[in-house]
Amino acid sequence: MNPNQKIITIGSVSLTIATICFLMQIAILVTTVTLHFKQYECSSPPNNQVMPCEPIIIERNITEIVYLTNTTIEKEICPKLVEYRNWSKPQCKITGFAPFSKDNSIRLSAGGDIWVTREPYVSCDPGKCYQFALGQGTTLDNKHSNDTIHDRTPYRTLLMNELGVPFHLGTRQVCIAWSSSSCHDGKAWLHVCVTGHDKNATASFIYDGRLVDSIGSWSKNILRTQESECVCINGTCTVVMTDGSASERADTKILFIEEGKIVHISPLSGSAQHVEECSCYPRYPGVRCVCRDNWKGSNRPVVDINVKDYSIVSSYVCSGLVGDTPRKNDRSSSSYCRNPNNEKGNHGVKGWAFDDGNDVWMGRTISEESRSGYETFKVIGGWSTPNSKLQINRQVIVDSDNRSGYSGIFSVEGKSCINRCFYVELIRGREQETRVWWTSNSIVVFCGTSGTYGTGSWPDGADINLMPI
């Protein structure tokens, strides 16, 4: 083979190899692009399939950019449909409660800028849980924190952070409020915020960050609401509000709200005599609330809300082991399901309970007279049998030597069931701890578990002698 032939042969082989490599690169590029587009391909409905006509919200479109061998390819990710929550799954079967979260706000206040708060609660959107509280318009290490034992001032605002994040200076102030409730309907947050003069307060209804509706005081005597989460089913949210005396008959109404707009108001009906600070949970197809009777009963009122026809039924928790504070000792206390027990009914504390078939799970202070300690347990027959007192699965959340406060319920939807969780307010400062001039709180949070669990105590834990005065 002469030199020219060798050159031609080598060139031909090189060209062939280069062509093969080029074709392979094209094949790889085509395969990569095809697989990427297929991953985000929007499925179209088959022919003749009927699609729902009700309004839906589509999240803001997102564009994904992929770089392949210096070529930019853009493909729009499919819009994600956002639907109202319906809470139709069954309630989770539990054996008790396991620790979930603790924010340690008071301990952190000894060396950092943390808000002075009270009336905390927890609520979750479909993807994340948040903690709320009513701030006093000041941090703890600030002279404005003096005399923050007062409940109602124009400086109080509703604070909102991810659960477990203390209320630092960067915390969002959702609205002006000295009484509040919040819930997520599956599409956006609803906040009910009460503020103003005691004799002529205003409740603002804020949905998706916008003021949508409002209502003024109807009895001119401290309009107030739940201090825990409201509940939304298929786009209709319910919130229990009371206006009137805290120690005699008051005027309680249940408001039905759709995307921030009041669509109906129902008066309280049934045998409950006094209803305040309800802890509500979804009980499909309705809403159930366990509340505070601040007039006649140390047994807790129950309010059942029908979301479809706006009807209301009320009664009392049947358990003879009653949930309010103050109360009689367990030997002497009673409850017969329908009426207040007239046992140390004047005064009380926000609390919770929820039904489990014929039984009831509940939490309460360990002390019968003061907001000290906290315990949970199940009462067999406590939801259906008058004066039932068989207690099982008792747990200590806060030992009796430490302070507690308000407590309330919130619900979390899992893959197959709805779990019940609760929080406990851990109050510190005035009136009991007179070394300091402020009153504030931290929280501890537990959730239902079907597993096993141990024992412990989870108090606030701050050494009052180390705290700013």
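Here the Cβ of each residue, glycine as well, is placed from N, Cα and C on the backbone.
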Further substrate ligand in Swiss-Prot, beside Arg118, Arg152, Glu276, Glu277, Arg371, within candidate set Arg107, Arg172, Arg292: Arg292
Partner cysteine of Cys291 (disulphide bond, per Swiss-Prot) from Cys278, Cys280: Cys278
Further binder of Ca(2+) named by Swiss-Prot next to Asp293, Gly297, taken from the candidates Asp304, Asp309, Asp324: Asp324
Recorded disulfide counterpart of Cys421 (Swiss-Prot; options Cys417, Cys447): Cys447
Candidate in Cys193, Cys237 joined to Cys232 through a disulfide, as Swiss-Prot lists it: Cys237
Site with most surrounding Cβ atoms, counting all protein chains shown within 10 Å, from the disulfide-bonded residues Cys183, Cys237, Cys278, Cys447: Cys278
Distance, Cys124 (disulfide bond) to Cys421 (disulfide bond) (CA atoms, angstrom): 11
In sequence order, the disulfide-bonded residues (Cys230, Cys337, Cys447) whose C-alpha falls within 10 A of Cys280 (disulfide bond): Cys230
Proximal residue to Cys92 (disulfide bond) among disulfide-bonded residues Cys232, Cys318, Cys447 (C-alpha distance): Cys447
Integer Å distance between the CA atoms belonging to Tyr406 (active site, nucleophile) and Cys291 (disulfide bond): 12
Where Tyr406 (active site, nucleophile) sits in the secondary structure, as DSSP reduces it to three classes: coil
Residues satisfying Cβ distance under 8 Å from Cys318 (disulfide bond), sequence separation of at least 6: Ser335, Tyr336, Cys337, Val360, Gly381, Gly382, Trp383, Ser384, Thr385, Pro386, Asn387, Ser388
Candidates Cys237, Cys278, Tyr406, namely the recorded positions, that fall within 10 Å of Cys289 (disulfide bond) by Cα distance: Cys278
